[in-house]
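Below: the structure, in structure tokens.
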Amino acid sequence: MADATPAIPSAYVSTGGVNPDWLNKGDNSWQLTAATFVGMQTVPALVILYGSIVKKKWAVNSAFMAFYAFAAVLLCWVGWAYKMSFGEKLIPIWGKAGTTLNFNYLLSQAELPASATYYSDGSVQVATLMPWYPMATQVYFQFVFAAITLVLLAGSVLGRMSFRAWMVFVPLWLTCSYTVGCFSVWGGGFLWQWGIIDYAGGYVIHLSSGVAGFTAAYWVGPRLSKDRERFPPNNVLLMLAGAGLLWMGWAGFNGGAALSANLVASIAIINTHVCAATSVLVWTFLDVVVFGKPSVIGAVQGMITGLVVITPGAGLVQGWAALVMGVFAGSIPWFTMMVVHKRSSLLQKVDDTLGVFHTHAVAGFLGGILSGCLAEPTLCNYFLPVLDLQGAFYGGIGGKQLGKQIAGALFIIGWNVVVTSIILNVIKLVIPLRMDDEHLLIGDDAEHGEEAYALWGDGEKYDSSVHGASEMDITNHGSKNNDKRPTVAL
């Protein structure tokens, strides 16, 4: 009896319908997983990190700013912002707005319509980028990048920005600022065509959020003086838990940027962890040498700068280069935060709550420059076969690449300073940007009518009409003696 032909499971047969010929199930699975990792960097990682790293009285407000932004960005993204970032070109810095909610669109093959690059004679150098999974996956993956950008920006204005103003700011900044940087660098705009290296968002996400956050902090104004002088975390262990989720989620951040489950994704992930770990150790070492004590908050800052610095070149540099970038990541932002900040009148004047300028703007700029120096030609060709893409370290045309990196960074910086300023000054005409002093003094209870913990302290006022009487009060009032002793706030 002849051997029977082995049956192929129907799930692996391209039959049209839910299994079209272009669908690569491995790539699709990885992109959905990577997107979920990135989403978890915001909800819950930054929700936990923000809620823990601030004073107790701002825990709810800080976490809620992140939570709200995640939801608000999604509706704007599927409504109009995705196509402004990755759709057909309207102008060299912007795509045409449009919805993504039609099921025929979401189930079609993913495509970046404006992503083709051309030689000077007009012939195609690289064809339109078309990953092997549906548009639904592409829209979701890029959404979580957009969402985390707004949440990183929020770190600059925690502890005093009006939540109502934040509710308006999120969709306006996403529409007018993020989409421009995204289309220009990633979606086929003029910086994409020019050959700027930004593998996973050193410019699009980190430089833009750091610069916009610093600009927003200037316009919103500072916290109360006593909060600026002393603003300790309310829960260091939860802060570390949030930071750990952020670190692990970065595997999806940089691994998913390859847009495929390929070799570039693999090297991007190991480079990400090497750079972050190196940066943590360098930052901690500097804290010990200069201040005499290793700081947990400092280690978290070093982790973040390491992750940010490697992001623009994660899939494009060699392992030894990732280690070198980690040394710079743990030292340059440390120097700007611990030394330059204390000597600069401008940096002292602007109340950047979590130092987002240093951990994201400085680190994002540094990462873009180092990528322009260390991007390995073969890896660049693996990721996107543009013939003139390589770092200055490898000679030849690499020096020109470094110049492009600087010019690209200046565009992102300039656009974010101007547009963020315009948005906030328009909002200010209708809604105060900063909470009033009474809300700033009390915190979450005044702004939201809710508190993070069932504890008293941290300078909040106790209002029995709001919080109700304690069991001891009821006992005292019900006793025969009823001595009218004042309640003691713990």
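We count from 1, first residue shown onward.
Any Cβ shown, glycine's included, is placed from N, Cα and C.
Keep in mind that TrEMBL annotations are predicted by a computer and have not been checked by a curator.
Here is what TrEMBL says about this protein:
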TRANSMEM  30-51  transmembrane segment
DOMAIN    30-453  domain 'Ammonium transporter AmtB-like'
TRANSMEM  63-82  transmembrane segment
TRANSMEM  139-158  transmembrane segment
TRANSMEM  170-194  transmembrane segment
TRANSMEM  200-221  transmembrane segment
TRANSMEM  233-253  transmembrane segment
TRANSMEM  259-283  transmembrane segment
TRANSMEM  295-314  transmembrane segment
TRANSMEM  320-340  transmembrane segment
TRANSMEM  361-384  transmembrane segment
TRANSMEM  406-427  transmembrane segment
REGION    471-490  region 'Disordered'
COMPBIAS  480-490  compositional bias 'Basic and acidic residues'
Hey, does the transmembrane segment (170-194) touch the transmembrane segment (259-283), meaning at least 3 C-beta pairs closer than 8 angstroms, sequence gap 6 or more?
no
Any contact between the transmembrane segment (170-194) and the transmembrane segment (63-82)? By contact I mean 3+ C-beta pairs closer than 8 Å, pairs at least 6 apart along the chain.
yes
Could you pull the average pLDDT for the domain 'Ammonium transporter AmtB-like' (30-453)?
95
Could you pull out which residues elsewhere in the chain have a CB under 8 Å from any CB of the transmembrane segment (406-427), counting only those six or more residues past its ends?
165, 168-169, 172-173, 176-177, 180-181, 184-185, 191, 194, 196, 198, 203-204, 207-208, 211-212, 215-216, 219-220, 361, 365, 368-369, 372, 433
Please report, as numbers and ranges, the same-chain residues at least 6 past the borders of the transmembrane segment (361-384) whose CB is under 8 Å from any CB of it.
126, 129, 197-199, 202-203, 205-211, 213-214, 258, 262-264, 267, 304-305, 308-313, 315-318, 321, 324-325, 328-329, 332-333, 336, 390-394, 398, 401-402, 404-406, 408-409, 413
Please give the sequence-distant neighbours of the transmembrane segment (200-221): residues at least 6 beyond its ends with Cβ less than 8 Å from one of its Cβ atoms.
145, 148-150, 152-157, 160-161, 165, 169, 173, 177-178, 181-182, 185-186, 253-254, 257, 268, 308-309, 311-315, 349-353, 356-365, 367-368, 371, 408-409, 412-413, 416-417, 420-421, 424-425, 428, 433-434
